[in-house]
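> Can you read through this structure? Questions will come right after.
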Amino acid sequence: MTDQYAVIGNPIGHTKSPLIHRLFAKETGQDITYTGMEAPTEPADAFAATVRRFIAAGGRGMNVTAPFKLQAFAIADERSERAALAGAVNAMKFENGRIIAENFDGVGLVRDIEVNLNQPLAGKRVLVLGAGGAVRGALLPFIAARPAELVVANRHVPKAEAVVAQVASSSRLIACGYRELETMGQFDLVVNATSASLTGQLPPVAPSVFSPRGAAYELAYGKGLTPFLRLARNAGVQGVADGVGMLVEQAAEAFEWWRGVRPRTQAVIDRLTVPLK
Ligand code: ATR
């Protein structure tokens, strides 16, 4: 039987994952199906029941999107270190009835920055805005890239401090508020990992953090030039990007984890990219 995969969320209509994985399957010659699946949010065990039904029907793996990333963490039998630190799961593999859980969002982000955007992070100054689930998921992959300094800035500073306190690092790791950024000079990379862009808002970040020779990265995608990217561009930053590459790269990580073969990503990224104007 053809191996079955799915992305589970609610709502699920917007998801690009089936298209991405079908393109990967075609390119690598893998015989799989990949569908979008909407699970009910009520009652509380509806998500787990939907996953169990998929496993019973022969499902081999799933991607997980909002609002189920925490519930996926809770039902897992095994969790990777990245998933454990994030407290959230975006990919699951089913083996002998067991749920093995991963979080590829952070590795996808760092790979997009270092490989696709050609911005190696070793020895660089990196600023991450926000301290929610997205940042917890990205912290270990950022540290693995060995920047000289990694600053996590958040409106609510104790939340940034708590995130930073969870990890050990050979890079300088700093948690702070937005005001302190004004005296910290320029960063080679500034990543907006807040949820501000989802509502068209701008995190209160000073334009002085941007380096014209550096890069600015917006985790959200398909929203065009967000207020954050516009601020970066007005500060002279040439290298601005949104999260479409991260989306495709995290999918590639999951595909390789499931199928043992790495798909090529650039053509898929090009196909999904909405020009930043
Ligand atoms: P996610 O899991 O998507 O990261 P989250 O855990 O709800 O979402 O976290 C949202 C993050 O965006 C938080 O860091 C939040 O800052 P606070 O912790 O200080 O609330 C940040 N955020 C949301 N709206 C923001 C805004 N308008 N400006 C700056 N930060 C914002």
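Including glycine, each Cβ sits where the backbone N, Cα and C put it.
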> Check TrEMBL for me: it has Glu81, Gly130, Ala131, Gly132, Gly133, Ala134, Leu219 binding NADP(+), so pick out which one of Gly106, Gly243, Gly245 it puts in that same site.
Gly243
> Among Thr50, Thr65, Thr183, Thr194, which residue shares the shikimate site with Thr15, Lys16, Ser17, Asn90, Asp105, Tyr221, Gln250 according to TrEMBL?
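My reading of TrEMBL gives Thr65 as the candidate in that site.
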> Could you give me the DSSP helix, strand and coil counts for the domain 'Shikimate dehydrogenase substrate binding N-terminal' (7-91)?
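Tallied per class, the domain 'Shikimate dehydrogenase substrate binding N-terminal' (7-91) gives 36 helix, 19 strand, 30 coil.
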> About how far apart, in whole Å, are the alpha carbons (Cα) of Ser17 (shikimate binding site) and Gly243 (NADP(+) binding site)?
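On Cα coordinates alone, these residues lie 14 Å apart.
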> Quick one, of the binding-site residues Gly130, Gly132, Gly133, Gly243, which Cβ has the fewest other Cβ within 10 Å?
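Per-residue Cβ counts within 10 Å for the binding-site residues Gly130, Gly132, Gly133, Gly243 bottom out at Gly132.
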> Among Thr15, Gly133, Gly243, Gln250, the binding-site residues in the record, which have a C-beta under 6 A from ligand 1?
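With ligand 1 as the reference and 6 Å as the Cβ limit, the list reads Gly133.
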